[in-house]
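Enquirer: Submitted below is the structure of interest, expressed as structure tokens.
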């Protein structure tokens, strides 16, 4: 099947915007140019709309198996499609954990059955994510693992992490790390700062994250592995990663939209929709994250989409689980609050959500060029509306951004040339 996207606005490598047609055929982008005509193609009229590579999110929680009340592979990937994401990477903190070839094979089969977009499954570093014994990396890679992580918890043993890094390096695979030193968590629910002091709640100090990253970058240097830091959140962590990159260590990092947009001073009362891990940090941390993204210390943006039920989030700040959803709101939030205000350019935002995560992990996605996979997102930069969780495709409604008015909403998403989501009025 052929699909012809007509008159869309494309961001060039130079950062300018120009009108182009894009022809998709047999799963790839077959032509980009002006006045393309194909008599047997399905036509999507994109006049006045932005056409980008399909967005790539390398940090999501799809909850299946074991957490289907929160999300499933089907609902999570529908949320991804609605948010413009054509590729997502699924974290392994499910029950059971994908820590064996058998479980990974089941997971990839389930993805093939019910996934709406491309899903790259992470495998666990340690059995059941308990930090006691390594999984069989070679067998997991053969079964379809994308990379290795114990996300949700940090690998506490330096010896265990070094062994994991050496095994991953042999396979030319990445170690992806949730960075927390357990002895410093202090049973905290929020950042140790303004909010925790005001409300008398135990806080998680910044050093809990940064000391773990500092340890790991030195281990990564010794092992010669690609080491990736999940959801970086503190100014000290940014400094550690910046110094490591300058030293030539193969370290990369991601940041979430919520850590770019909010700090602990923005939390209104004890609302658990503002509870995530890592927590919202201080104002200086938020500023350092923006600076780190702009100077290349931080490589790309990832949502850390983490759905929970309303009942769980209704338990209050101290008892509710950590996490918020993000797939359906990431682009409009970032476009409205950073591109429209001049902090980021449109090209920077698109790159951080497409080519940069893809290139960081040597993926073929995130490109709008002839011969690339036909993964395309169409966005109406003028469309403006308030975020309404009731309309989410995700099962999760747990967002701190409900009611925020944003511009820049995806209107069509194509994966491998197939239209997987659209607002009906965009197609003809």
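Cβ coordinates come from backbone N, Cα and C, glycine included.
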Enquirer: Which of these, 7, 93, 187, does Swiss-Prot list as part of the substrate site with 61, 62, 63, 277, 308, 322, 323?
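Expert: Of the residues offered, the record points to 93.
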Enquirer: For the Zn(2+) 2 site that Swiss-Prot assigns to 178, 231, which of 151, 216, 243 is also named?
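Expert: Looking through 151, 216, 243, the residue Swiss-Prot assigns to the Zn(2+) 2 site is 151.
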Enquirer: Taking the Cβ of residue 231 (Zn(2+) 2 binding site) as centre, how many other Cβ atoms lie within 10 Å?
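Expert: Total other Cβ atoms inside 10 Å, all chains included: 22.
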Enquirer: Measuring CB to CB from residue 178 (Zn(2+) 2 binding site), give everything in the same chain under 8 Å that is also at least six residues away in sequence.
Expert: 149, 150, 151, 152, 153, 154, 230, 231
Enquirer: Give the sequence-ordered list of residues that share a chain with residue 59 (Zn(2+) 1 binding site), lie 6 or more positions from it, and have CB atoms under 8 Å from its CB.
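Expert: Counting only residues 6 or more apart in sequence, the Cβ neighbours of residue 59 (Zn(2+) 1 binding site) under 8 Å are 89, 91, 151, 230, 231, 254, 256, 302, 303, 304, 305.
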Enquirer: Can you grab the distance from residue 308 (substrate binding site) over to residue 61 (Zn(2+) 1 binding site)? Cα atoms, rounded to a whole Å.
Expert: 10
Enquirer: Taking 8 Å from the centroid of the Cβ atoms of 59, 61, 151, 304 as the cut-off, which other residues in that chain fall inside it around the Zn(2+) 1 site?
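Expert: Not counting the recorded site residues, we get 60, 91, 152, 178, 230, 231, 302, 303, 305, 306.
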